[in-house]
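Quick look at what TrEMBL lists:
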- 8-179: domain 'Cation efflux protein transmembrane' (DOMAIN)
- 206-263: domain 'Cation efflux protein cytoplasmic' (DOMAIN)
- 34-51: transmembrane segment (TRANSMEM)
- 72-95: transmembrane segment (TRANSMEM)
- 101-118: transmembrane segment (TRANSMEM)
- 138-157: transmembrane segment (TRANSMEM)
- 163-182: transmembrane segment (TRANSMEM)
């Protein structure tokens with residue numbers, strides 16, 4: 001995968017600059033870019049096995065997509081947090097930056113991260129990798145701006161200040177995506193089930209107990225119960241099933257439906 005290659009190139013460039021400088025920003029970028037490359041590699045490998053099925057994983061391994069997406073978001077935030085700690089330590093021990101090297105390193109790593117973000121992708125894992133690359137590009141550009149500011153002012157306190165700014169921006173950019181992925185893990189319904197129940201009940205009144213959840217971005221599951229008269233034929237039930245599946249697929253994008261048909265209990269009239 002081309003994106004994985006760009007992430008590893010970014011790490012190698014950051015590592016070379018980190019070994020030849022005493023810059024907190026570059027050391028941070030090297031640590032961050034290694035974590036990036038590792039988690040993106042894991043995510044890409046996960047894509048190759050998500051469709052495998054076994055008696056133990058009857059839906060396949062699609063939750064790996066969500067785990068990979070969460071990992072990508074967390075690494076962006078964690079990398080920024082580590083950057084802030086490293087910058088604070090460098091500043092506390094009066095380790096002086098070389099702003100010229102910071103500028104060169106940040107410019108190159110920003111370019112490589114941007115190259116990794118160019119291709120538009122579908123699927124939660126590929127999208128999360130692209131968002132990851134965009135987040136990295138932004139953080140490297142902020143690092144570049146910080147390096148230029150230090151070069152012009154010689155105010156080395158700008159190093160930890162830059163890291164704090166990066167951390168705040170990374171959290172604000174990624175917290176929404178993290179919340180969405182956690183909703184999938186917690187099996188939150190992506191759609192208001194009351195609305196679905198109203199839609200189906202208008203055609204099949206005996207519908208109840210509607211449950212909807214997401215396995216991954218392209219797999220939505222629904223289960224529901226339908227009460228029918230005891231003398232309803234199998235053909236009639238099959239027609240009802242097809243009608244329900246059509247509504248759920250066309251209107252809500254639900255592509256896997258399980259319906260439990262139940263015999264309606266008829267109350268006897270007492271004269």
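A Cβ is built for glycine as well, from the same backbone N, Cα and C atoms used for every other residue.
If one looks beyond the transmembrane segment (138-157) by at least 6 residues along the same chain, the residues whose Cβ comes under 8 Å of a Cβ in the stretch are 25, 29, 32, 76, 79-80, 91, 96-97, 99-100, 102-103, 106-107, 109-110, 113, 165-166, 169-170, 173. Among residues of the same chain six or more beyond the transmembrane segment (72-95), those with a C-beta under 8 A of the stretch's C-beta atoms are 22, 24-25, 27-29, 31-32, 35-36, 39-40, 43, 125, 128-129, 131-132, 135-136, 139, 156-157, 159-160, 162-164, 166-167, 170-171, 173-174, 177-178, 181.
For the domain 'Cation efflux protein cytoplasmic' (206-263), DSSP puts the residue distribution at 19 helix, 28 strand, 11 coil.
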